[in-house]
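K.L.:
Please see the structure below; I have some questions.
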Amino acid sequence: MATRNPPPQEYESDDDSYEVLDLTEYARRHHWWNRVFGHSSGPMVEKYSVATQIVMGGVSGWCAGFLFQKVGKLAATAVGGGFLLLQIASHSGYVQIDWKRVEKDVNKAKRQIKKRANKAAPEINNIIEEATEFVKQNIVISSGFVGGFLLGLAS
């Protein structure tokens with residue numbers, strides 16, 4: 001049959017007092033990536049051995065390269081398959097393509113992209129400068145990442 005739970009006062013004792021710690025505020029202020037990559041953290045050379053840096057860069061690069069390869073292969077298959085089906089439908093007479101209109105739309109898109117690229121140039125240059133500075137300060141882990149990325153693409 002069903003058992004009754006004892007009243008709550010039987011569980012409580014004055015000897016057992018616990019302090020509840022709220023770590024959410026600490027976690028908001030102290031992100032792990034600030035310790036690893038933050039401006040005050042200094043270059044990786046000062047923190048980890050060369051072997052550790054190469055392994056960290058190589059493993060993260062391999063993961064990125066492997067994912068890039070798989071996603072790229074999937075995207076290329078989807079785009080190529082869609083284009084192939086469109087060509088088959090066009091040659092079979094199911095679809096009529098107005099190539100002059102396509103060319104006009106492509107040229108319009110090119111002009112819009114050039115306008116937006118000129119406006120976004122300062123932000124992009126700032127990001128490139130920051131990335132270049134990071135690579136200069138952490139050349140060992142960066143070279144490990146590049147090597148791992150290439151291995152990930154090859155696997």
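In case you wondered, yes, glycine gets a Cβ from its N, Cα and C as well.
Since this is a predicted model, take the numbers as computed values, not measurements.
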K.L.:
Looking only at the topology recorded in Swiss-Prot, are LYS47 and LYS100 found on one side of the membrane?
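P.N.:
According to Swiss-Prot, LYS100 sits on the same side as LYS47.
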K.L.:
Radius 10 Å, atoms counted are CB only; among the recorded positions TYR18, LYS119, which position scores highest?
P.N.:
LYS119
K.L.:
Would you list the DSSP helix, strand and coil counts for the residues of the topological domain 'Cytoplasmic' (96-133)?
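P.N.:
Residue counts in helix, strand and coil order: 35 helix, 0 strand, 3 coil.
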K.L.:
For SER17 (phosphoserine), what is the tally of other C-beta atoms lying within 10 angstroms of its C-beta?
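P.N.:
By my count, 7.
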K.L.:
Measuring Cα to Cα, how many angstrom lie between SER17 (phosphoserine) and LYS119 (ubiquitin cross-link)?
P.N.:
61
K.L.:
If I take the alpha carbons of LYS119 (ubiquitin cross-link) and TYR18 (phosphotyrosine), what is the distance between them in whole Å?
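P.N.:
Cα to Cα, LYS119 (ubiquitin cross-link) and TYR18 (phosphotyrosine) are separated by 57 Å.
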K.L.:
Per DSSP, what is the residue count of the topological domain 'Mitochondrial intermembrane' (69-74) in each of helix, strand and coil?
P.N.:
6 helix, 0 strand, 0 coil
